[in-house]
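> First, the structure itself, so that you have it in front of you.
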């Protein structure tokens, strides 16, 4: 984990998966990849697209038609960034975790304060038999607390696992033909923690660990049951071509209109040198009447709504898509921390202080989704990466640990 130095892995709660969906209209194709990672770094994206995919498929998959989204798990490996601050907290470059992540991604005005929009895409074959499910919902995968020491795909990962196991009867996890993904959206300020959090000063008690597992399964099963109903009742068919658009934007030097007479300007990241790239990318892919907006960070409920409405309006004005369904896909392609609205930024708190390009960050992204603004940044320099972690010794469970845990707590 790249957030807390002392939070190192001590086991596996659930396995982590990467799920890929390819949409092809016969002449063009787009790819959406969702991975059980905290987020997608520019380094990870460049290695997957520019090295692994290009080596095997040449120019079939490029920056413009591949979206990579992290489900924002807080209980997964660190070390897939090349920014100094992230490297320090994960003690440098760890080749094995990074290679595993790359290899597994390569091989596949409002009524409510919370954003209750759930969008699903149901994939079927010519016989109308189900092949897969791709969905988006804004909820933070933090059912596992920051005292957890086990690798976990958390609540949405559990929902994906359970849905796939239901459809892939008799198959091991990750081996069946049906693929289900619960992907991240505007999740920044939507917490799943509805149960009392019990912990001891030195790590988790057995009771609190049971409560966490219940919370994960409860959130995951709730999402699962709702998605099963949506999946079964999905009737609207998608027609039309697929398309991809990709732009680079310099987030440190963008002028945004405040009103008819005044403008504002973004600034350099306020968290120190080398924390974040100045030039970031945004992307849109369309599949028929669905537009997937791939945004580079954690959007709040309201900032996600505003981007969604702005894109929908722009598509209608330019007559690109009529009655488009616009989906926010968070933590895509590169990580730029949080994105709040201008009003939320004024309150600060954690969300505002973590919006690193100043209060005009959201406004700067509007034009970035309309035109090509910047050249592509250079590939990272591997010679400047470092590693302070020794290779792991044999990884085995302590004797009788699991049996003792179950006997004492009945979890």
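We count from 1, first residue shown onward.
Positions of Cβ are set from backbone N, Cα and C atoms, glycine also.
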> Besides 72, 298, 338, which of 13, 140 does TrEMBL list for that Zn(2+) site?
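Only hit among 13, 140 in TrEMBL's Zn(2+) site, alongside 72, 298, 338: 140.
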> Taking DSSP three-state, what's residue 72 (Zn(2+) binding site) in: helix, strand or coil?
coil
> Cβ within 8 Å of the Zn(2+) site centroid (72, 140, 298, 338 excluded): which residues?
184, 187, 188, 297, 299, 330, 331
> Are any of 72, 298, 338 (the binding-site residues) within 10 Å of residue 191 (active site, nucleophile) when you go C-alpha to C-alpha, and if so which?
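Cα within 10 Å of residue 191 (active site, nucleophile): none.
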